[in-house]
Each structure stands twice: as C-alpha cells, then as structure tokens.
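Participant: Grabbed the feature section from TrEMBL, which reads as follows:
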- B:34-149: domain 'Response regulatory' (DOMAIN)
- B:85: 4-aspartylphosphate (MOD_RES)
- B:155-210: region 'Disordered' (REGION)
- B:167-176: compositional bias 'Basic and acidic residues' (COMPBIAS)
- B:180-190: compositional bias 'Polar residues' (COMPBIAS)
- B:212-269: domain 'HTH myb-type' (DOMAIN)
C-alpha cells in the first residue's frame, strides 16, 4: 500500500515536472537507459550534471563581473552549459540559456545579466525538484522507469 | 577466417555467404562496433557511453581531444568510428576531425548543441560523415554503423576505379561481400577487411593487373634513401630512373620510385599549400619565398614544435629544421612556414599561427597556389587561379575549403561542384576527400590537415621518439622539394600532395587500423596494402614491422590492407613521415611499404587502389613538377601552375576515385603530366 502510494507520488512529481516544462523528452531517454545493471543511472547523470554545471555557473558569474563584458567567452560558456542541460532534459534551463546567448550576440550586457539570474533560478528550482523526486523514487523502490508522462 | 585457405575459396565463400547472409550480416555486425567518443562535457560523455553500450557497441570515452588522438594513434586499428564534440577546450573538434581523417581515415561524427547551418556545413567540409545535434538520442546512435560500412564500401570502390576495369569489377564486389560476410561470420570488421584483402589479392595476383602487383613497402629507411636521392638530384631533376640509380636498392623498380615520387611531390605541394593557406589566412602571406616549403619538410614533430613556438621562424631556420628532419641540407630557408603549420598541428594551436607564418613564407612563390592544384577539383584553371589568388595559401584544398573561412568557400564548393567526378569532395572518398579540401581550405582545418599531416605525424608520432610521427616524414617530403628547387613551384606541390596525402594520412593510421576498422577499405588498393600479404616478399625487405605507419601503432602492416585505400598520398606521407621519424623504420616500415605499394600500384596500372591514390599523387606530382619548373616567378603563381594544379589535383582526386589509370607515364619526370589523369 505504502509502496504503491509512494510510487504514485513519484509518478505525480514526475508528471508535474513534465507538465510544467521543467523536463523534456530527453529525460525519458535517460530513464530508458536505466536498467538493472545501472538502477540509478539517471540520478548519477543528474548528479554529474550538478557538479559540472556548478563549475560553469561560477565561471559565468565571474565572467559577468568583468568590465567590459567578454561576450564571446560568455557565449562559449553558456553554450557548454546549454549542451549539458539539454542532455539531461532540463527544458526551462535550456530555454534560458538560449535567451542568454541571444543577448550575448546582441552584445546586450544587461540582458545577459538578467537572463543569467533567471537561468540560475530555474536551475535551482529544477535541482530541488529533482532531488525530491529521486529521493522519493529511491524510497519507493524500482518501478518508475517506464512511466511516460506524456 | 582462413586466410590461408585459398583466397579464391574465401571469396567464393564470402560471396555466397554474403548472398545468403543478407540480413544476418547486418543483424550481427553493428554489435561490437568500436566507438571512440570524445566530449569535454562529462554529463554528455556518460550519457553517450551508456547509449552506445545499449546499442551493443564497444565504447571508449575520453574527454580530451589530445587523449583521443593518442588513443587512436596507439591503436590504429582499434576503432571503427569516432564521435566527437565540436567545441572542446583543448582542441577544436574540426581540427580533431581533420587529424583523424588524415591519420587514421576513420569515419568521424561531429556533434554539438549548436545546430546552426554554418557549423553543420563546416562539419561537412571538414569531412565529417555525420553531424548530430545535442541532445543526442539513442536512435541517432543506433545507425552510426552505416558510416563505417559506407566508408569501407567507398574505399573498395575507389580502389576499384583506380585499378583496371577488370579488376575493378572484381574487387569491389569481393570486398564488399567479403566485408559483409566477414562481419556476419566473424563479427569483426577486421576479418572482413582481411578477407577482402585476401580475396582481392588472390584475384589480383592472377591478373597481374593493378591490384596484384607486389607492393613495395616504403620503410623509413627506404624513404630516407629516396629523399636523399631526390635531394641530391634536385626536386626538379629528380627522375625516377636517376633516383633509382642513386638509391641502389635491389628489387626496387623504377615504377616504384616513380609512384613514390609522385606521392612525395604531392605531399610537398600539400605542405607548401597548406602553409600558404595559413598564410592566407593572415592575408599576408604570399611571400614569394620558396623556402617556405622547406619548412614544411621538416615537419618533424619536434622541429615543428620548436618552430611553432617561435611562430615566426625564419625560413632559414625552418629550412634547417627541415634539413635536420629530413637529413638533408636545408636548402630552403624559407621553410618556416610549413613548419609553422606543422607546429600548429602538433600543438593543435590555432592555425592562425600557421597561417601567419605560412603567409610570409609560403606563398612567396606563386607556386603555393599550385598547391591547390593538387586538389583535383574540376575547377577550371580559372577557378584555380581564383582560388589561387584568393587562397594564396597552399592548401589549395584548404584554401578552397577555407574559402569560406578565409576567402570564400565558394571556391571549394565550386571545386566540389565543378568536379564532375565530384569525388573530390567526398563522394567516393567519403570523408577522405572532404577532409582534404576542408583541411586545406580551412585555415584551421587545412592547417590541421596539412599540418596534420605534418603535425600529425609529429604529434602522432606519439609513440615514436622525436615526434617524428608521420608528419615529419612528410615534412621531409615537403622540404625536399623546397630545398631542391628554390622555386616556389616546389611549394606548390605541397598542397596537392597533401591532398592526396591527407586522405592518405588519415589512412595512415588506418593502414593498420583499416583492417580492423575496415574503414579503409584496403581491399581497394592492393598496391597500397602495405600490409598486404601479397607483398610478402617485398614487405620482407621493407617492411619493418609495421609499427603502424607513423604512429607507432602497434598494429601490423598486414591487417592494414585496407588502409591502403586511403589514397596513395597517405601512404606516401606516411611512409615519409615514418621514415623521418623513427628512422628506425619501425613505423616507417609500414609507411615505406605503403609508399612502395603505392608506387607499385601506380606502375602496375592496375593499382586500382594504389592507382587511385597514387595517381592523384603522381598526377599532382607531375603537375607540380611542372609548376615547379616554371620559374619561380613566384609572382607567377599564377595561372600556370594553377592550371596544373587544378587539373592535376582534380585528376588526381578523380583518379583516386575513378581509379586512375596507370601512372607509369607519369613517373618520368617529364612525363609527369596529367596525361594520364582522366580529368
């Protein structure tokens, strides 16, 4: 009973993550890669993503503090960040990255900073939600991988 | 496989097996495909690895391009396909692509989150066989095996085309079938390659046609002897007959030397072309210094690196380096450029450096432009001229390719388009061809390519000692012409040479790997098969151990069969480089052999494989030679060489694809005209 309930909870969280646009199809791809040999594959990947993206975010922070702004470098950094984020299916974060890059190309420093702040917010939100999700999923036990919200 | 079993019987079996297996073959073979994944993003890398494993491929991942290159070099036949990210901190993905294309001739898939048309186009021009947009889905990875198969198939076809008609028919079929059947039966590319080679060889032997001739393996020592002889005679006066006499190697025929010479010239031209190209980038280059070419020759990795550091090494120093590298006296001081380029290759730095240098030196002679010529594009002389002018850089191909980058891609595009054979750009040769042009054209790319050749060798020499890696030998090749003829013309030969070489270079790695990776479709080029069993006798003498052409790859020459495909130039280059580098001929053996094979192939006429590759080389060489002869009117650059270059290049390329006819006539110095080139 509890197990079913927890699974349902996990499913609900996942569903909402998709509905709200935090995650996209790529996340499902990752889940499909998960198997008995790698039961926590998705979580491992996401953890790896956090680590790498923290580094990129702090790099971006530093670069944004410079004056004048090095738009090329910002664009390059953000390109990397966008690539990682899209690999795990972080939809909203990815959208902010795209916006940021457009500001970079337009040499709009203010736009970049604004977009970056927004991106950080999305990133933090996603991270929190995913942490909750994984925690529950672990507690519920293996069962959720095949679920496709859409 | 029963290699020993009767090649004939094998082929028969294979054929029938192929026919029967059909689906079975394809079902089995994607599994076990050896993939190398390169991406600096750890998240993506991990995801890709998991996806590829799910596809039942064998995956090796690395997060740095340099690591990937050394892995590939150490293990020439260890991989079937490479997937690489475009944006990487230590090396541009396209540069890596060039290197791989030149050295190992493996199919490379580029990927990026960037889906802009220009980036994708860049992938195409640099010779990537596919471009994936991130995030990559597993479905996209499930079919990457097609690129491996296609490449092998094309190589076979190329080999066929270059060879005689009769031969051609047999080989491609046999090879294809062999490949398939092998994969089905053995589940390994290597086997299929071997089988294909065997079959082909068996067939060839009987025919005495192009494929069958025993290939001469241009070992490092042999190549050095060759280079010394050419140096002595002077690049302009270096006639196969005289070279042969000077070399005084028993068993070596004039044809062998002739084909080798052609390749060498192409190589040199390519080198000069590349450096020019680089120069072009800076737009300052076209310095009429002929010496620049010399620099290229000393591509020894070490030298280049040094140069690279200097960045502006005076031609003299370069020449010296070259000489040192080549073991010859530096005749040309102006070589710095090439070296620079090489440097770049080695250091994987921006081609910018190279270009700058190249500019100064290189292109001094009009010849550099000719380098472009080497690229067998159908472009009209006019076009060439344009290219020439615009590109100025030697890497005619590069130039052209880079056209977009520097001057205008249109040229390159034109080239590709105008070429009826179209192959240059890569149709048959597939990644090979595109690689060349792109490398040439692209400032970075070409540099990479030409440099790659040079540099690669240098860098690739990873295992070798003084980083002589393939590149060095090449450089020697390059320097050779430069030293010899002060004319710029010599330089011109580089680009062309490089083109063929480029493909060959990449194949170098592949030589050995070809067998395994089956990429090279060695079957096609019997003559080039350094590793060919057929040429045991020859191999005996020259084959050192096949350390793996330039890379010290541990692979043995034999397995490489397939590598030969890569265009004679590759072989040539490889041979050159190896000779230069190791001097021990360890690796050179392979190269030397390759060179010989190439040479032989040409002579044989049947050299379908070799012919293809060699021809372009020869053609280029011949063209170059002419161009070189033309007075250095460096300012001439002009059209004259352009004409040659273009035609030669085009023919060379075309020949490659179509299996140019025997280059015999081309061997004669005077005869190095494009006559044979079916432009």
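The backbone N, Cα and C atoms fix where each Cβ goes, and this holds for glycine too.
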Participant: Residue B:85 (4-aspartylphosphate) has how many other Cβ neighbours within 10 Å of its own Cβ?
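Facilitator: There are 25 of them.
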Participant: Take every residue in the domain 'Response regulatory' (B:34-149), average their pLDDT values, and give the whole-number result.
Facilitator: 90
Participant: For a three-state summary based on DSSP, what are the helix, strand and coil counts in the domain 'Response regulatory' (B:34-149)?
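Facilitator: Counting residues by DSSP class gives 55 helix, 24 strand, 37 coil.
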Participant: Counting by DSSP secondary structure, give me helix, strand and coil numbers for the domain 'HTH myb-type' (B:212-269).
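Facilitator: Output for the domain 'HTH myb-type' (B:212-269) reads 39 helix, 0 strand, 19 coil.
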